[in-house]
């Protein structure tokens, strides 16, 4: 659609490289705008001019979901008005709430609402539904369904469906007990809410934790993004947040997914079968994430982080070997496919579902919003970087590109082992103190 539209409107040929940079530029702008939208509207919530009644999590998420509907409308009209610029504008508008909602608001809200012993489970549900979304998108993207020249605008516009469902149901969402207690000081209402959420009349431990956290907050005022960046007290948490979000993307997850179809081709799988292989791969990601969801709080965050990164590292190392020797035997591409699938399982075990939950748990209330803003920027910047440079790295050094990412995954596992404390079944104050030891 980009190329013929460009040719018809401007009477010029759009070369593949030019087209690539059009698309990449729209992606970069989307990521940049989305991340800083969250940074300046919610991450700077310490300013007295911000009204917490307006910028509470539910209203903020509702506003962001409403924005995605505008982007979906632009998607569906782009073909009717014959304008690829409208798609880029839709990407921009749609990317802003996604950049805010997924790495920022959503994990913060989930962590604050979930009971302590189930934070890992509820945090993993975020990645589970993302995996389900990928599976549904791959299925609907088949040419026999919506992935054809006539129905692709409808396919893109379906992105508004989850947002509409959210807007219909958000009225029934509970408020964050921590937000209600710390920002409004309403202990009685907080206690009633906790009793309802926990289905028990004994919530004294959580109330005491909230009181202790409020005392700690009163000693130091809320901080801004710059104060988080320059704070010696939060330096270990911030370093962990930057390393974990960067490692989640820079270990090559998107690169492996993007070029998995190429591996299928090298294996001799017929072209019309490859889309079904992609569906099967995304289905396997769903199954792996479901498995992690049920065991997320069994061993603790550190165990699954380390296990996931080690599986990624080994898989990428073997993938490098197979990529360099793929033409020597017909069975080698099949080994490469198995390695790629093992890599995806490693991602689903640790870095995928646990990263944002662990980061949200690691910061106290006064700095959680700006810290997640920084983590959001790190995640989306790393995502953009790997999407843009992956093909150039692979073109320059071939199969050795996987070796680079294998080394990065190993470094991430070592960093978690030596520098990231366990957050399982700990209060926010206990987690904060463990970083200071």
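Using N, Cα and C of the backbone, Cβ positions are placed for all residues, glycine too.
As annotated in TrEMBL, transmembrane segment covers the listed stretch 303-325 rather than the other ranges in 234-256, 303-325.
Ranges compared are 211-230, 331-350, and TrEMBL records transmembrane segment for 331-350. Looking up the ranges 187-209, 371-393 in TrEMBL, the one annotated as transmembrane segment turns out to be 371-393. Same-chain residues lying 6 or more positions outside the transmembrane segment (399-418) and placing a CB less than 8 Å from one of its CB atoms are 243-244, 247, 250-252, 255, 302, 305-306, 309-310, 312-317, 319-324, 326, 351, 390, 393. Only residues 6 or more beyond the boundaries of the transmembrane segment (152-172), in the same chain, are considered here, and those with a CB under 8 A from a CB of the stretch are 1, 58, 61-62, 65-66, 68-69, 71-73, 75-80, 87, 90, 94, 133, 140-141, 146. Using a Cβ-Cβ cut-off under 8 Å and counting only residues 6 or more beyond its ends in the same chain, the transmembrane segment (272-296) has close neighbours at 120-121, 123-125, 127-128, 131-132, 134-135, 138-139, 141-143, 260-261, 264-265, 304, 341, 344-345, 348-349, 352-354.
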